[in-house]
Amino acid sequence: MQTPATIKSYQDIKANIEKACQRIAPLWPLKHFVAVNPYVGLRDQPFWRADQTLRKITGKGLTMPRPYYEEQIANGRITQEDLDEALKEMHSNWSVTQLKQAMKQRSASRNVPFPVFADAMFADDRRDWPGFVVERISQYCAAYFDEGQATWSMPWRDDPMYQAWLKFMHFDKSPRMVGLRGIGEAAAALPAAAETAIALALKELSVPFDLIDDYLFAALLSIGGWAGWARYLRWQAELKGETDQSLRDLLAIRVCWDAILHKTCADIAVRKQWHLMLHTQQNRAIEKPSEHVDAILQTALEIGYQRSLIKSLKEASRPSNTVIERPVAQAAFCIDVRSEIIRRALETVAPGIQTLGFAGFFGVLMEYVPFGSNAPKGHLPVIFNPPYRVCEDLSHASEDETQRHAAKRQLRLRVATAWKSFKTSAVSTFTFVEATGLLYAPKLFGDSMGWTRTVPHPDERGLDSGTKQRLRPRLIASGNGKSSAKSTGIPETERAGVGEFILKNMGLTQTFARLILLAGHGSTTVNNPQGTGLDCGACAGQTGEASARIAVTLLNDPATRRGLEEKGLKIPKDTYFIAGLHDTTTDEVTIFDTEDLPTTHAKDLAQLRQWLADAGELTRLERATLLGTASQAPEVVTRDMRRRTRDWAEVRPEWALAGNAAFIAAPRQRTRGVDLEGRAFLHDYDWHKDAGFSTLELIMTAPMVVANWINMQYYGSMVDNLRFGSGNKVLHNVVGGSIGVLEGNGGDLRVGFALQSLHDGKRWIHEPVRLNVVIEAPQAEMESIISRHILVRELVDNGWLYLFQIDDDGSVYRRVCDKQWPRMT
């Protein structure tokens, strides 16, 4: 290989490296598997330009296969009117007739991914060299990043990733086993610095300068799962003001593999094939969006949904300016689309109740430390840093008793870990099964029949039922209360400020009911590595229980209420907040800490429980349509949904956020009584009460962005499951402890959602449409926020979501280019 002295424009290469790294979306670990926009690194490009970029790099863009759209036209989901509007939207000169004619013609040239050198080797002998390279890198990454799953850990994990790989390659004999010679020697000749190695690799491969960006992006996407994990490590470091070079090092490893294969390849034909591939890329033309048939059809699909949504909103009741009487109760749920159904059901069984929608962390920006643990869990949107750390504590216990119970849990967890290590160790493989196998027969039978849970719920491991019932968040601060290793709780002087933030942004500043429920949400499943993806995204992939309980504790705190009153927020003395958890698998709501309620509210609580039970039944019956039990009696539907929480063979315990398509920030009266089919994120917001529009700014910079991430995660998992989804859930194997899953026993780390989360085996349940954001607020204020926040501006201006304004009179306007807001008819 050439020496560093021959490298020119090193700073330019460094910029190329950074650009490629920024294109990769982070992949959160299984312990808090939050949805993320897989195209987040392309948001600086207009949506259909990003489609062109992806078709050039991966061979697959942002649309479904043609037959999908043909089916939507055939069943009436896409109408003639939708097609006509889509042609105008895409500035196409075609008529609908010409479009339909073009649909019959398949593209003459298939979209070919941007090549890596292993592709040239594959083209020569048809052996899966790209898969071999990915397999070797994936095995290395699994060992390097392992979080305790491996019995024997890699000896070089303390070294930077690239330097550790150089040592690993000295011992890796797998290339020789498949007929590759000189690999170890070529790896040993690589420079020690990752950036220098990348520059040398590009020289070795003769990648033209104008293709460097594309090549580096393609190289990272070829190992995109582990690239996502490395990007996550970098994301976490950046939140702390630090840096992490794992992604850069992974890029170096990937391009160095290509350079090594090129250097050791003696076949002139393969090298010629490689240069021909690069030349083809330099002269490649991609269809314009206006001539891209599937882009027009995708736009028509989205227009069809918008037409239905806007019609529903226009027909809904308009918000009233009259003073609302005191509700019989108030219930705040997360904005999650699954809450839309149960809110609508609760309002049906109890017309006098008021429901609200707010992000499920309920405004408490914290990390939460489970009882007996030293490892905090984030309970806030992942785009924020937690200012507070709150510990789970044993109620009504002395310090000595608390320490005894904590030590007992830690001991149980250590014993369980040791026992599992013994059961899975090489020495006990046969003796353990022969000696104790029959003792597991009753549990195996019960688990197989779905009568028992295969394992305890993660939050209950090491706890007996009595201790579990006594656990609750500890509000009292130690230290300064800020998020650090030694300080916990929320200082009394800051509680009123936190309380004001909660109530103001929830839109709950007057007309308080006697009983106010804050209901977080979570899912209950077994044998589901990606189970936290069903929990609350606003709580960083945890259930909303802790967030709801700490918010309730704070708002019931006398000191907090005194401080709130000084700020002009007077909560009536007979108003009490209570925490709950909506199980989205069964639609049952558990209420916590009821012993703290005064006896004067016993009837209120009993009535609320009954309403929640009735609403849960209505919700289950509605969801049964998509679960195949719609024809069954209510009690049968309930039993089936409870079974899903225990059945280790159930690949579709619930549909989670499949179908999500809209985000609505408006007074509830705007959507009350409207069947939004569980497809809309609902955030209560009344701009008339938002002095300074700080709440509007929060909505557009946090919940709206998170909803876009969720929406695009589903979108990417559906339109390109191979790269941005996780394949077949049945084949998932956990790697690295809790890092992620492989499909089968090898290949790249998988990202996104499994096919079973999108398809019921016969038809697609999710519909890939970009998020439709509808906000009831002045256009000028929204424009001001868009101009101040580049992230929001990129999402709106580049078409990664649709933004609509709904006026006081119910008129709807769509934000288009040049800051124009044409009225929707």
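Glycine residues also receive a Cβ, built from the backbone N, Cα and C atoms like all the rest.
Here's what Swiss-Prot has on this protein:
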type: BINDING; residues: CYS334, ASP336, HIS521, CYS536; note: Zn(2+) binding site
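A 10 Å cutoff on Cβ-Cβ distances gives CYS334 (Zn(2+) binding site) a total of 31 other Cβ atoms nearby, all chains included. For ASP336 (Zn(2+) binding site), the count of additional Cβ atoms within 10 Å of its Cβ stands at 28 [all protein chains shown]. Listed in chain order, the residues near the Zn(2+) site other than CYS334, ASP336, HIS521, CYS536 are PHE333, ILE335, ARG338, SER339, GLY360, GLY520, GLY522, ASP535, GLY537, ALA538, CYS539, GLY544, HIS582, THR584, each with its Cβ within 8 Å of the site Cβ centroid.
Cβ neighbours within 10 Å of HIS521 (Zn(2+) binding site), excluding its own Cβ and spanning all shown chains: 26. Other Cβ atoms within 10 Å of the Cβ of CYS536 (Zn(2+) binding site), summed over all protein chains shown, number 30.
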